[in-house]
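Features as listed in Swiss-Prot:
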| type | residues | note |
| --- | --- | --- |
| BINDING | H16, R54, Y123 | substrate binding site |
Amino acid sequence: MSASGRPQPMGRLTTHVLDSAHGCPGHGIKIELYRVEGQQLELIATTLTNHDGRCDQPVLQGEDFRPGVYQLVFNAGDYYRARGVQLPEPAFLDQVVLRFGIASADDHYHVPLLISPYSYSTYRGS
């Protein structure tokens, strides 16, 4: 139960990153999650991917997990620079920004990201 006496939402937001340029998980990537309200962005979580390219905990869950528009920011340029990849300045994809909607507080939203220095792909996973 939440503090308001209502049942806790069962949904959660998870993500993982795969480095398609090197064929491995994207580890050590800083990810920021924002809630979007009109033109305002509210930072609600910051995390790093582990050696499997996943976050150790859901990026969002519990009472904070509610319907709305969200934005995940993946710091891909920093990841590739740390791996010694030569990137142009400015990098073509320094940050990958994904804006998406959560319609149900009871669903699992999994947002995988496949990245390379010059492309990315995403989808709603399971």
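Cβ coordinates are placed from backbone N, Cα and C, and glycine is handled just like the others.
Location within the structure of each feature annotated in Swiss-Prot.
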residue : record                 : DSSP (3 states)
H16     : substrate binding site : strand
R54     : substrate binding site : strand
Y123    : substrate binding site : coil
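Neighbour counts of Cβ atoms within 10 Å were compared for the binding-site residues H16, R54, and the top value is held by H16. For the substrate site, the Cβ centre of H16, R54, Y123 serves as reference, and the other residues of the chain with Cβ at most 8 Å from it are T14, T15, V17, L18, G53, H110, V111, P112, L113, G125. Site extent for substrate: the farthest pair of Cα atoms among H16, R54, Y123 sits 15 Å apart.
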